[in-house]
(Lines of atoms letter the chains of each structure in order from A; the text may use other names.)
(Lines give C-alpha, C1' and ligand atoms only; values in the text may rest on other atoms or scores of the structure.)
Protein backbone atom coordinates (compact mmCIF):
# COMPACT_ATOMS: atom_id res chain seq x y z
CA UNK A 1 0.00 0.00 0.00
CA UNK A 2 2.89 2.37 0.78
CA UNK A 3 4.27 1.82 -2.73
CA UNK A 4 1.22 3.63 -4.13
CA UNK A 5 2.37 6.85 -2.44
CA UNK A 6 5.48 6.80 -4.66
CA UNK A 7 3.45 6.61 -7.89
CA UNK A 8 3.50 9.88 -9.79
CA UNK A 9 0.31 11.97 -9.41
CA UNK A 10 -1.34 9.69 -6.83
CA UNK A 11 -0.04 11.53 -3.70
CA UNK A 12 -1.16 14.87 -5.16
CA UNK A 13 -4.56 13.46 -6.09
CA UNK A 14 -4.97 11.97 -2.62
CA UNK A 15 -3.85 15.18 -0.85
CA UNK A 16 -6.28 17.23 -2.91
CA UNK A 17 -9.13 14.87 -1.95
CA UNK A 18 -8.26 14.96 1.77
CA UNK A 19 -7.91 18.75 2.03
CA UNK A 20 -11.01 19.41 -0.07
CA UNK A 21 -13.08 16.92 1.96
CA UNK A 22 -11.75 18.39 5.22
CA UNK A 23 -13.39 21.68 4.27
CA UNK A 24 -16.49 19.93 2.92
CA UNK A 25 -17.23 18.09 6.17
CA UNK A 26 -16.69 21.16 8.34
CA UNK A 27 -18.99 23.01 5.94
CA UNK A 28 -21.61 20.23 6.18
CA UNK A 29 -21.94 20.82 9.93
CA UNK A 30 -22.15 24.60 9.85
CA UNK A 31 -24.41 24.67 6.78
CA UNK A 32 -27.13 22.83 8.72
CA UNK A 33 -26.94 25.42 11.50
CA UNK A 34 -27.06 28.30 9.01
CA UNK A 35 -30.08 26.81 7.21
CA UNK A 36 -31.95 26.28 10.49
CA UNK A 37 -31.07 29.81 11.59
CA UNK A 38 -32.23 31.45 8.37
CA UNK A 39 -35.41 29.34 8.08
CA UNK A 40 -36.28 29.74 11.76
CA UNK A 41 -35.96 25.94 12.27
CA UNK A 42 -38.67 25.35 9.67
CA UNK A 43 -38.10 21.69 8.73
CA UNK A 44 -40.11 21.93 5.50
CA UNK A 45 -37.96 24.81 4.21
CA UNK A 46 -34.86 22.97 5.41
CA UNK A 47 -35.94 19.94 3.39
CA UNK A 48 -36.46 22.18 0.34
CA UNK A 49 -32.93 23.59 0.64
CA UNK A 50 -31.43 20.10 0.87
CA UNK A 51 -33.59 18.88 -1.99
CA UNK A 52 -32.13 21.59 -4.24
CA UNK A 53 -28.71 20.76 -2.88
CA UNK A 54 -28.78 17.23 -4.32
CA UNK A 55 -31.16 17.42 -7.30
CA UNK A 56 -28.68 19.20 -9.67
CA UNK A 57 -26.85 15.86 -9.91
CA UNK A 58 -29.78 14.65 -11.99
CA UNK A 59 -28.84 17.17 -14.70
CA UNK A 60 -25.10 17.64 -14.22
CA UNK A 61 -24.07 14.09 -13.27
CA UNK A 62 -24.05 12.95 -16.93
CA UNK A 63 -22.08 16.08 -17.91
CA UNK A 64 -19.54 15.32 -15.18
CA UNK A 65 -19.16 11.80 -16.53
CA UNK A 66 -18.71 13.10 -20.09
CA UNK A 67 -16.03 15.57 -18.97
CA UNK A 68 -14.16 12.77 -17.19
CA UNK A 69 -14.05 10.73 -20.43
CA UNK A 70 -13.45 13.55 -22.91
CA UNK A 71 -11.48 16.35 -21.25
CA UNK A 72 -8.21 16.67 -19.38
CA UNK A 73 -8.99 15.54 -15.83
CA UNK A 74 -6.59 18.04 -14.26
CA UNK A 75 -8.44 20.99 -15.80
CA UNK A 76 -11.82 19.49 -14.85
CA UNK A 77 -10.76 19.12 -11.21
CA UNK A 78 -9.46 22.70 -11.19
CA UNK A 79 -12.75 23.94 -12.64
CA UNK A 80 -14.71 22.08 -9.96
CA UNK A 81 -12.65 23.44 -7.06
CA UNK A 82 -12.70 26.97 -8.49
CA UNK A 83 -16.51 26.99 -8.71
CA UNK A 84 -16.82 25.87 -5.09
CA UNK A 85 -14.17 28.35 -3.93
CA UNK A 86 -16.03 31.28 -5.50
CA UNK A 87 -19.42 30.15 -4.17
CA UNK A 88 -18.06 29.63 -0.64
CA UNK A 89 -16.43 33.08 -0.64
CA UNK A 90 -19.69 34.71 -1.73
CA UNK A 91 -21.61 32.76 0.93
CA UNK A 92 -19.05 33.91 3.53
CA UNK A 93 -19.49 37.56 2.54
CA UNK A 94 -23.31 37.26 2.55
CA UNK A 95 -23.42 35.66 6.01
CA UNK A 96 -20.70 37.86 7.53
CA UNK A 97 -22.54 41.03 6.52
CA UNK A 98 -25.93 39.54 7.52
CA UNK A 99 -27.28 39.79 4.00
CA UNK A 100 -28.27 36.15 3.53
CA UNK A 101 -31.64 34.53 2.82
CA UNK A 102 -33.08 31.19 1.73
CA UNK A 103 -32.68 32.04 -1.96
CA UNK A 104 -28.94 32.60 -1.52
CA UNK A 105 -28.72 29.29 0.37
CA UNK A 106 -30.52 27.44 -2.43
CA UNK A 107 -28.41 29.09 -5.14
CA UNK A 108 -25.16 28.32 -3.30
CA UNK A 109 -26.36 24.73 -2.78
CA UNK A 110 -27.07 24.30 -6.50
CA UNK A 111 -23.71 25.77 -7.60
CA UNK A 112 -21.76 23.75 -5.02
CA UNK A 113 -23.48 20.58 -6.20
CA UNK A 114 -22.58 21.39 -9.81
CA UNK A 115 -18.94 21.51 -8.69
CA UNK A 116 -19.31 18.16 -6.90
CA UNK A 117 -20.99 16.56 -9.92
CA UNK A 118 -17.93 17.47 -11.99
CA UNK A 119 -15.36 16.48 -9.34
CA UNK A 120 -16.56 12.98 -8.40
CA UNK A 121 -16.50 11.22 -11.81
CA UNK A 122 -13.18 12.87 -12.75
CA UNK A 123 -11.50 11.88 -9.49
CA UNK A 124 -12.72 8.26 -9.75
CA UNK A 125 -11.69 8.10 -13.42
CA UNK A 126 -8.23 9.50 -12.64
CA UNK A 127 -7.30 6.61 -10.32
CA UNK A 128 -7.31 3.84 -13.03
CA UNK A 129 -5.24 6.17 -15.23
CA UNK A 130 -2.60 6.50 -12.51
CA UNK A 131 -2.44 3.02 -10.92
CA UNK A 132 -2.58 -0.47 -12.42
CA UNK A 133 -5.67 -2.70 -12.20
CA UNK A 134 -3.96 -4.92 -9.62
CA UNK A 135 -3.55 -1.93 -7.30
CA UNK A 136 -7.04 -0.46 -7.75
CA UNK A 137 -8.34 -2.01 -4.54
CA UNK A 138 -5.43 -0.58 -2.56
CA UNK A 139 -5.79 2.84 -4.18
CA UNK A 140 -9.52 2.96 -3.46
CA UNK A 141 -8.87 1.84 0.14
CA UNK A 142 -6.38 4.68 0.70
CA UNK A 143 -8.81 7.16 -0.87
CA UNK A 144 -11.59 5.90 1.39
CA UNK A 145 -9.37 6.22 4.47
CA UNK A 146 -8.40 9.78 3.50
CA UNK A 147 -12.05 10.74 3.04
CA UNK A 148 -13.14 9.17 6.33
CA UNK A 149 -10.30 10.86 8.21
CA UNK A 150 -11.54 14.15 6.78
CA UNK A 151 -15.05 13.16 7.87
CA UNK A 152 -13.81 12.77 11.46
CA UNK A 153 -11.54 15.84 11.54
CA UNK A 154 -13.84 18.23 9.60
CA UNK A 155 -16.57 18.47 12.27
CA UNK A 156 -13.90 18.73 15.01
CA UNK A 157 -12.29 21.67 13.20
CA UNK A 158 -15.74 23.22 12.77
CA UNK A 159 -16.37 22.89 16.52
CA UNK A 160 -12.96 24.39 17.32
CA UNK A 161 -13.53 27.39 15.03
CA UNK A 162 -16.99 28.00 16.50
CA UNK A 163 -15.63 27.73 20.05
CA UNK A 164 -13.04 30.46 19.51
CA UNK A 165 -14.93 32.77 17.16
CA UNK A 166 -18.64 32.10 17.92
CA UNK A 167 -19.24 33.04 14.29
CA UNK A 168 -20.30 30.52 11.64
CA UNK A 169 -18.86 32.64 8.82
CA UNK A 170 -15.28 31.70 9.75
CA UNK A 171 -16.05 28.04 9.14
CA UNK A 172 -17.06 29.08 5.62
CA UNK A 173 -13.73 30.89 5.30
CA UNK A 174 -11.90 27.73 6.41
CA UNK A 175 -13.76 25.80 3.69
CA UNK A 176 -12.72 28.38 1.11
CA UNK A 177 -9.08 28.06 2.22
CA UNK A 178 -9.20 24.26 1.76
CA UNK A 179 -10.48 24.71 -1.81
CA UNK A 180 -7.66 27.18 -2.49
CA UNK A 181 -5.05 24.74 -1.14
CA UNK A 182 -6.61 21.92 -3.17
CA UNK A 183 -6.29 24.03 -6.31
CA UNK A 184 -2.58 24.61 -5.61
CA UNK A 185 -2.06 20.85 -5.19
CA UNK A 186 -3.97 19.99 -8.37
CA UNK A 187 -1.64 22.30 -10.31
CA UNK A 188 1.12 19.77 -9.50
CA UNK A 189 -0.73 17.00 -11.35
CA UNK A 190 0.45 15.98 -14.78
CA UNK A 191 -2.02 16.20 -17.61
CA UNK A 192 -4.40 13.23 -17.66
CA UNK A 193 -5.73 13.34 -21.19
CA UNK A 194 -8.97 11.62 -22.13
CA UNK A 195 -8.93 8.43 -24.20
CA UNK A 196 -11.57 9.91 -26.48
CA UNK A 197 -12.40 13.50 -27.36
CA UNK A 198 -15.86 14.37 -28.58
CA UNK A 199 -17.48 17.75 -29.22
CA UNK A 200 -19.45 19.04 -26.23
CA UNK A 201 -23.19 18.81 -26.91
CA UNK A 202 -25.64 18.75 -23.98
CA UNK A 203 -28.50 16.98 -25.76
CA UNK A 204 -26.05 14.43 -27.14
CA UNK A 205 -24.61 13.83 -23.65
CA UNK A 206 -28.06 13.08 -22.20
CA UNK A 207 -28.90 10.88 -25.18
CA UNK A 208 -25.62 8.97 -24.79
CA UNK A 209 -26.31 8.53 -21.07
CA UNK A 210 -29.66 6.91 -21.86
CA UNK A 211 -28.01 4.77 -24.53
CA UNK A 212 -25.28 3.79 -22.05
CA UNK A 213 -27.89 2.63 -19.56
CA UNK A 214 -29.55 0.61 -22.30
CA UNK A 215 -26.15 -0.79 -23.33
CA UNK A 216 -25.35 -1.79 -19.74
CA UNK A 217 -28.74 -3.48 -19.46
CA UNK A 218 -28.21 -5.49 -22.65
CA UNK A 219 -24.44 -6.14 -22.66
CA UNK A 220 -23.08 -5.54 -19.14
CA UNK A 221 -26.08 -6.53 -17.07
CA UNK A 222 -24.09 -7.23 -13.90
CA UNK A 223 -22.82 -3.66 -13.77
CA UNK A 224 -26.34 -2.42 -14.53
CA UNK A 225 -27.75 -4.39 -11.58
CA UNK A 226 -24.99 -3.08 -9.29
CA UNK A 227 -25.54 0.58 -10.24
CA UNK A 228 -29.34 0.46 -10.00
CA UNK A 229 -29.37 -1.71 -6.87
CA UNK A 230 -26.81 0.47 -5.07
CA UNK A 231 -28.78 3.60 -5.98
CA UNK A 232 -31.93 2.13 -4.41
CA UNK A 233 -29.99 1.06 -1.30
CA UNK A 234 -28.61 4.59 -0.99
CA UNK A 235 -32.17 5.96 -1.11
CA UNK A 236 -33.12 4.03 2.03
CA UNK A 237 -29.70 4.35 3.69
CA UNK A 238 -29.70 8.14 3.25
CA UNK A 239 -33.01 8.44 5.09
CA UNK A 240 -31.83 6.16 7.91
CA UNK A 241 -28.47 7.84 8.50
CA UNK A 242 -29.47 11.46 7.90
CA UNK A 243 -32.80 11.49 9.72
CA UNK A 244 -34.03 8.26 11.30
CA UNK A 245 -31.09 7.43 13.61
CA UNK A 246 -30.76 10.99 15.03
CA UNK A 247 -34.56 11.23 15.39
CA UNK A 248 -34.82 7.85 17.13
CA UNK A 249 -32.05 8.62 19.62
CA UNK A 250 -33.59 11.98 20.51
CA UNK A 251 -37.13 10.50 20.55
CA UNK A 252 -36.05 7.80 23.03
CA UNK A 253 -34.29 10.32 25.27
CA UNK A 254 -30.62 9.72 24.45
CA UNK A 255 -30.00 13.20 23.02
CA UNK A 256 -27.50 14.78 20.64
CA UNK A 257 -24.33 13.72 22.48
CA UNK A 258 -25.19 10.01 22.20
CA UNK A 259 -25.99 10.56 18.51
CA UNK A 260 -22.55 12.12 17.97
CA UNK A 261 -20.96 9.04 19.61
CA UNK A 262 -22.83 6.81 17.15
CA UNK A 263 -21.60 8.68 14.08
CA UNK A 264 -18.07 9.07 15.44
CA UNK A 265 -17.86 5.29 15.91
CA UNK A 266 -19.24 4.77 12.40
CA UNK A 267 -16.53 7.04 10.98
CA UNK A 268 -13.82 5.28 13.04
CA UNK A 269 -15.14 1.91 11.85
CA UNK A 270 -14.96 3.11 8.26
CA UNK A 271 -11.29 4.05 8.69
CA UNK A 272 -10.53 0.60 10.15
CA UNK A 273 -12.53 -1.00 7.33
CA UNK A 274 -10.40 0.82 4.78
CA UNK A 275 -7.22 -0.39 6.48
CA UNK A 276 -8.22 -4.07 6.59
CA UNK A 277 -10.16 -4.21 3.31
CA UNK A 278 -7.40 -5.63 1.11
CA UNK A 279 -6.52 -8.25 3.73
CA UNK A 280 -10.12 -9.48 3.75
CA UNK A 281 -11.13 -9.06 0.09
CA UNK A 282 -8.92 -10.60 -2.58
CA UNK A 283 -11.28 -10.58 -5.57
CA UNK A 284 -13.87 -7.86 -6.18
CA UNK A 285 -17.09 -8.93 -7.92
CA UNK A 286 -20.63 -7.53 -8.29
CA UNK A 287 -21.95 -10.43 -6.19
CA UNK A 288 -19.57 -9.56 -3.37
CA UNK A 289 -20.72 -5.92 -3.47
CA UNK A 290 -24.41 -6.80 -3.12
CA UNK A 291 -23.52 -9.30 -0.39
CA UNK A 292 -21.88 -6.45 1.54
CA UNK A 293 -25.03 -4.37 0.99
CA UNK A 294 -27.11 -7.19 2.51
CA UNK A 295 -24.79 -7.39 5.55
CA UNK A 296 -24.93 -3.59 5.89
CA UNK A 297 -28.73 -3.74 5.83
CA UNK A 298 -28.83 -6.60 8.33
CA UNK A 299 -26.67 -4.63 10.80
CA UNK A 300 -28.96 -1.60 10.46
CA UNK A 301 -32.01 -3.85 10.83
CA UNK A 302 -30.55 -5.28 14.05
CA UNK A 303 -30.04 -1.73 15.34
CA UNK A 304 -33.68 -0.97 14.50
CA UNK A 305 -34.93 -4.04 16.38
CA UNK A 306 -32.63 -3.40 19.37
CA UNK A 307 -33.98 0.16 19.64
CA UNK A 308 -37.20 -1.37 21.00
CA UNK A 309 -35.30 -2.89 23.93
CA UNK A 310 -31.92 -1.32 24.67
CA UNK A 311 -29.64 1.35 23.27
CA UNK A 312 -26.50 -0.10 24.87
CA UNK A 313 -25.84 -2.28 21.82
CA UNK A 314 -25.95 0.75 19.47
CA UNK A 315 -22.34 1.84 20.02
CA UNK A 316 -20.50 -1.43 19.18
CA UNK A 317 -22.89 -2.08 16.28
CA UNK A 318 -22.21 1.44 14.97
CA UNK A 319 -18.50 0.60 14.76
CA UNK A 320 -19.25 -2.66 12.90
CA UNK A 321 -21.60 -0.73 10.60
CA UNK A 322 -18.76 1.66 9.75
CA UNK A 323 -16.42 -1.23 8.87
CA UNK A 324 -19.09 -2.78 6.63
CA UNK A 325 -19.80 0.65 5.09
CA UNK A 326 -16.15 0.93 4.05
CA UNK A 327 -16.36 -2.51 2.40
CA UNK A 328 -19.47 -1.37 0.49
CA UNK A 329 -17.92 1.93 -0.66
CA UNK A 330 -14.55 0.52 -1.74
CA UNK A 331 -16.08 -2.50 -3.50
CA UNK A 332 -18.63 -0.30 -5.29
CA UNK A 333 -15.98 2.04 -6.69
CA UNK A 334 -13.68 -0.84 -7.67
CA UNK A 335 -16.49 -2.77 -9.39
CA UNK A 336 -17.44 0.24 -11.55
CA UNK A 337 -13.76 0.84 -12.42
CA UNK A 338 -12.99 -2.78 -13.32
CA UNK A 339 -16.26 -3.79 -15.00
CA UNK A 340 -16.53 -0.65 -17.15
CA UNK A 341 -14.99 -0.35 -20.58
CA UNK A 342 -11.93 1.92 -20.38
CA UNK A 343 -13.53 4.60 -22.55
CA UNK A 344 -16.69 4.70 -20.43
CA UNK A 345 -15.42 4.72 -16.84
CA UNK A 346 -16.26 8.41 -16.41
CA UNK A 347 -19.65 8.01 -18.05
CA UNK A 348 -20.57 5.09 -15.79
CA UNK A 349 -19.45 7.03 -12.72
CA UNK A 350 -21.53 9.94 -13.98
CA UNK A 351 -24.56 7.65 -14.26
CA UNK A 352 -23.98 6.26 -10.77
CA UNK A 353 -23.36 9.71 -9.25
CA UNK A 354 -26.56 10.97 -10.86
CA UNK A 355 -28.58 8.05 -9.53
CA UNK A 356 -26.95 8.06 -6.07
CA UNK A 357 -27.32 11.78 -5.47
CA UNK A 358 -30.86 11.86 -6.85
CA UNK A 359 -31.57 9.14 -4.31
CA UNK A 360 -30.00 11.39 -1.65
CA UNK A 361 -32.33 14.20 -2.70
CA UNK A 362 -35.37 11.93 -2.62
CA UNK A 363 -34.27 10.55 0.76
CA UNK A 364 -34.56 14.08 2.17
CA UNK A 365 -38.19 14.21 1.05
CA UNK A 366 -38.76 10.62 2.18
CA UNK A 367 -37.44 11.53 5.64
CA UNK A 368 -39.93 14.38 5.87
CA UNK A 369 -42.82 12.07 5.00
CA UNK A 370 -41.61 9.44 7.45
CA UNK A 371 -41.67 12.00 10.27
CA UNK A 372 -45.48 11.86 10.09
CA UNK A 373 -45.50 8.18 11.11
CA UNK A 374 -43.80 6.23 13.90
CA UNK A 375 -40.05 6.85 13.81
CA UNK A 376 -39.05 3.48 15.26
CA UNK A 377 -41.40 1.52 12.96
CA UNK A 378 -40.01 3.47 9.98
CA UNK A 379 -36.49 2.55 11.14
CA UNK A 380 -37.36 -1.16 10.94
CA UNK A 381 -39.16 -0.81 7.59
CA UNK A 382 -36.41 1.13 5.78
CA UNK A 383 -33.60 -1.12 7.01
CA UNK A 384 -35.58 -4.19 5.93
CA UNK A 385 -35.92 -2.62 2.46
CA UNK A 386 -32.11 -2.32 2.26
CA UNK A 387 -31.79 -6.05 2.98
CA UNK A 388 -34.56 -6.85 0.48
CA UNK A 389 -32.95 -4.74 -2.27
CA UNK A 390 -29.52 -6.31 -1.75
CA UNK A 391 -30.98 -9.82 -1.66
CA UNK A 392 -33.00 -9.19 -4.83
CA UNK A 393 -29.88 -7.96 -6.65
CA UNK A 394 -27.95 -11.03 -5.45
CA UNK A 395 -30.70 -13.25 -6.88
CA UNK A 396 -30.59 -11.37 -10.20
CA UNK A 397 -26.79 -11.68 -10.35
CA UNK A 398 -27.03 -15.41 -9.64
CA UNK A 399 -29.56 -15.70 -12.45
CA UNK A 400 -27.14 -13.85 -14.76
CA UNK A 401 -24.40 -16.30 -13.84
CA UNK A 402 -26.60 -19.31 -14.59
CA UNK A 403 -27.58 -17.79 -17.95
CA UNK A 404 -23.89 -17.25 -18.80
CA UNK A 405 -23.05 -20.87 -17.88
CA UNK A 406 -25.99 -22.14 -19.94
CA UNK A 407 -24.81 -20.04 -22.91
CA UNK A 408 -21.29 -21.45 -22.59
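Going from the start of the chain as shown, residues are counted 1 onward.
The backbone N, Cα and C atoms fix where each Cβ goes, glycine too.
As annotated by TrEMBL, domain 'Major facilitator superfamily (MFS) profile' applies to 1-401.
Sequence annotations record features per position, and here TrEMBL assigns transmembrane segment to 50-68 (among others). Long-range neighbours of the transmembrane segment (50-68) within the same chain, counting only residues 6 or more positions beyond its ends whose Cβ lies under 8 Å from a Cβ of the stretch, are 35, 76, 106, 109-110, 112-114, 116-122, 124-125, 194, 198, 200, 202, 205-206, 208-209, 345-351, 353-358, 360-361, 364-365.
Residues annotated as transmembrane segment in TrEMBL: 77-96 (among others).
The transmembrane segment annotation in TrEMBL covers 102-119 (among others).
Below 8 angstroms of C-beta separation, residues 17-19, 21-30, 174, 264, 267-268, 270-271 of the same chain, each at least six residues beyond the ends of the transmembrane segment (149-166), sit close to that stretch. The feature transmembrane segment is assigned by TrEMBL to 149-166 (among others).
Feature annotation from TrEMBL assigns transmembrane segment to 172-190 (among others).
Per TrEMBL, transmembrane segment is recorded for 223-245 (among others). Outside the transmembrane segment (223-245), and at least 6 residues removed from its termini, the chain residues within Cβ reach (under 8 Å) are 213, 216-217, 259, 262, 286, 289-290, 293, 296-297, 300, 303, 332, 335-336, 339-340, 348, 351-352, 355-356, 358-360, 362-364, 366-367, 370-371, 375, 378-379, 382-383, 385-386, 389-390, 392-393, 396-397, 400.
The transmembrane segment annotation in TrEMBL covers 257-277 (among others). A Cβ distance under 8 Å defines the sequence-distant neighbours of the transmembrane segment (257-277), meaning residues of its chain 6+ beyond its ends; these are 137, 141-142, 144-145, 148-149, 151-152, 245-246, 249-250, 311, 314-315, 318-327, 329-330.
The transmembrane segment annotation in TrEMBL covers 289-311 (among others).
Per TrEMBL, the feature transmembrane segment maps to 317-339 (among others). Residues 124, 127-128, 133, 136-137, 140-141, 143-144, 148, 220, 222-223, 226-227, 230, 261-263, 265-274, 276-277, 280-281, 284-286, 288-289, 292-293, 295-296, 299-300, 302-303, 306, 345, 348-349, 352 of the same chain lie 6+ residues outside the transmembrane segment (317-339) yet bring a C-beta within less than 8 angstroms of a C-beta in it.
According to TrEMBL, the transmembrane segment annotation covers 351-373 (among others).
Residues 222, 225-226, 229, 232-233, 236-237, 239-240, 244-245, 248, 286-287, 290-291, 293-294, 296-298, 300-301, 303-305, 307, 370 of the same chain lie 6 or more positions beyond the ends of the transmembrane segment (379-398) yet place their CB under 8 Å from a CB of it. Residues or ranges marked as transmembrane segment in TrEMBL: 379-398 (among others).
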Taking only the residues in the domain 'Major facilitator superfamily (MFS) profile' (1-401), give me the average pLDDT of this model.
82
